[in-house]
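Annotated compositional bias 'Polar residues' per Swiss-Prot: 875-895, in sequence order. According to Swiss-Prot, the feature topological domain 'Cytoplasmic' maps to 1-226, 297-442, 464-539, 586-633, 655-917. The topological domain 'Lumenal' annotation in Swiss-Prot covers 248-275, 561-564. According to Swiss-Prot, the transmembrane segment annotation covers 227-247, 276-296, 540-560, 565-585, on the basis of sequence analysis.
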Amino acid sequence: MASNIFSRLVPQDRGRSFYEDLRQTDPDADLESRAGIDIDEENLNRSYHDYDLDEAERLAGDESHISHSRGDVAGANTVHRRGQKANTARWLGAGVEDDVDNDVPESLLVETPRAPQHLLLSPSRAGPSHPRPTAVPGPSTRQNQAQWEATRHQQRLHNDDTMPHGPFSGRAGQGRPEPPPVGLMAGDPYEQAMWRWVNVSNLDNFIKDVYAYYRAAGFWCIIVQRILELVNAAFVAVFLTFLSQCVDYHKLPHSKKMEDIIIPKCTQNMSLVWNVGLWLFAIYFICRCFGLIIQLRQLKHLRDFYTHLLKIPEADMQSVSWQDVVGRIMALRDSHPRTAGNLTRVQRAWIGSQSKERLDAHDIANRIMRRENFMIAMLNKDVLDLTIPLPFFRNKQHMSECVVLAISFSILDFVFDNQGQVNPEFLKASRRRQLSQKLKSRFFFAGLMIFVMSPFIALYLILVYFLTYFHEFRNDPGALGARTYNSLAKWKFREFNELDHLFNDRMNMSHPFAKRYIDMFPKRKTEQVARTVSFITGSIVAVLGLATIFDSEAFLTFEITPDRSVLFYVSILATLWAVARGNISDDNEVYDPEFAMKSIIEFTHYEPDHWRGRLHSTEVKNEFSELYKPRPQIFLEEILSILLTPLVLLVSLPNSTDQIVDFFREFTIHVDGLGYVCLFSVFNFQQGHANQKQAAAADAPDNREEYYSTKHGKMAASFYGFLDHYVINPKTGLPGNQLPGSRQQFQHPPSFPGLQSPTLAADMRHSRMMRERGRSSGVQIQGSQGRTPQFRTPMPQPSPMASILLDPHHQPAPGAFGSRSMHRSRQMAVPHRGGYMSDRDIIEEAVTEDGQDDARFGKLGDEDIDESGGALDESTWQTSPTKTLSRENSGANPQETEVGVLGLIHQFQQAHMHLRR
């Protein structure tokens, strides 16, 4: 609601935007662009093709100011648009002769056929041209006509029209889709859904809508949620009107019936302010109803997309996983590959950020969290000054939902354009001063609007919070001490490319450990006072309770103090007793705050450098308590934030405008097919250790390396958290997002050494030693993780490179895992002492005796091989469904110090195959 109010109160310039005014009023910038001699950076490294000549001819006839005549090859006679002045380039002088030193024969010169003069007229005079329709194969029936046109639209073999259609049609920046073919809208729902998918003009908004539809659990859940929101809003308005305008509170002490205190015809005697408020609410309510009706069409399209294209029925929307949705989107993309090669300049510019080829799990997360990634990075790099300019709050960062909305409006809405992309003008160093001044003005406007609306927003939040939680606090007084993470903690803990539902799940799993840590920490003085209060209040309540047993009717009306009966004091004392008991620790609880904090860090992935080695200290407990606060305290801070946010926007944040502009310029990169994204959100899957360097940058003496790195190991934690969600199978805890039995398998043929084999005894001793080592190291070998017997076909295991949710260029290298990703799920489920993987040392790697890193070369150490059940006689890895396992790309370690007879046979087979090649 607050964001909608912001967008409606912002002065909108329908004529031109701030960036257009900036380009026109800056005389020193873009001189090359105005002179026509700037470098085309977009096509600087692009290869030249023959079909570019056709595009150049079309541009010359439609848009260009310069075109050659039909008979003039050497000169350049210009043809102008009507009403425009000729603007000939300096290097295309009229009558310039060919270079006499040119050794290329004229017969080898490639020239495009010149268009007639009547085709070089302006589009307004020439008018649109309609090509002759192609004949329909077979009988010309209505059904065949509709199918033929749908096929021509989806699988176009040659250009039937003079101008491109679909999402590439129109001028740059428009991307208007082609209108549906005749008869398609009345045809098959699958064809309709496919047509809408092919003609998506803004891929970012579409993917966000798909994700929002998934979060809301389908069509009917969204409809019910929207209707109930309207019902709740109407109830609050009617209920408050009744309580404030229709009840005579002066008659309440002396009345016994509702009719005695109700004011007759109260709606006709309401105050002017309340009448205006009700009319404004009525307008808002009607707009929401019309918005819901209009939104039904979009929701129906999303339902068709899930049902017909992704093959996910409406009944499964509440139980399907997001990984399954991503996999089906990739399958839909792969089933309709792009075959067009002769793209125009407008098409290339459009596909630079809207390409459907960039739709794997990594790209989808980047599209959904394009804005949030910049927000996470700004808070991690301490770019924003969020301190309160008051004497007692200068050292505290103030982050609330109100501040988040203000930052989203002031910064993100200014940086991003209507297409969801970073405006290129914001990335130019020459615009730094103007952009900084504009940010200051936006901060001032946002602070002023929040200050004006603060009384109404505060009153609304207080009423809603009171009506929501009063019954809960009354029935369970201990809920007053329930804690949760505040807004600052959520943005500090959130990782790059981590979607909302994944982040919420991670935070929810950390709540039991956080509560245990807070309750465990020494509070002896508080407990002593709580025990005394509990004893006194409990004793009084017990005596009063026993007295009510003998004569309940007379004793409950007995007044202990004037106008205060026994029932009143019993309720008050019972509440105090419950609050006191809630502050007393359990007698069976084990005191170990360091172990409890390690369990929290396993889920939050947040451990500042000054926490290391001091997890038991009171300072760490106080810092964590600032992030994990009681719910009533968070609510009071949100109410107070409405008054403090204008101070932050008017005083503190304007000091950070230069740093904000520099941050976006230095930490924004362009990815082909994806557009502008945050630097830290692009993971280097091929070199997993490159992401780990982000975590160790604090130890590096190079200030430049530290400047371009994240703090507290955020980059490494985000990278491995992403692998856990999209590479590690959540059902098995192993790499790969398919069950092992449903994937391609490679099994070595079983070989049985004879009983007289001289190596049989040694091999059996070796197997016994490996099992003993596994038991001594505390490794639990059970189920599919146990070591396969020597004389049986081994059980195949997944490959860390096998993820169907990542494209080949995003497939992680074996060294990116080490042994960490294989076992991190189990470590997070059951934390153990000394087993915490910090953000900086987030990779657990096996080191050989020579000191070399096995994980760097994609190998496993001895303990890892023993734990995973892999050896030379076993199939240790399994490839993705689109690739077959070969001996070169398998993850098995071909070198081992001790090998048995099966290992020797396997090495002999490998050597024999290499010789045959």
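Just so you know, glycine gets a Cβ as well, placed from its N, Cα and C.
The shown structure was predicted, so the numbers you read here are calculated from the model rather than taken from an experiment.
Each residue of the topological domain 'Lumenal' (561-564) gets a DSSP state, and the totals for helix, strand and coil are 0 helix, 2 strand, 2 coil. Secondary structure counts, DSSP: the topological domain 'Cytoplasmic' (297-442) has 92 helix, 4 strand, 50 coil.
Within the model, the topological domain 'Cytoplasmic' (297-442) carries an average pLDDT of 86. Shown for the topological domain 'Lumenal' (248-275): DSSP residue counts in helix, strand and coil, namely 18 helix, 1 strand, 9 coil. Tertiary proximity for the topological domain 'Lumenal' (248-275) is limited to same-chain residues at least six positions away from its ends with a CB under 8 Å from its CB atoms, namely 241.
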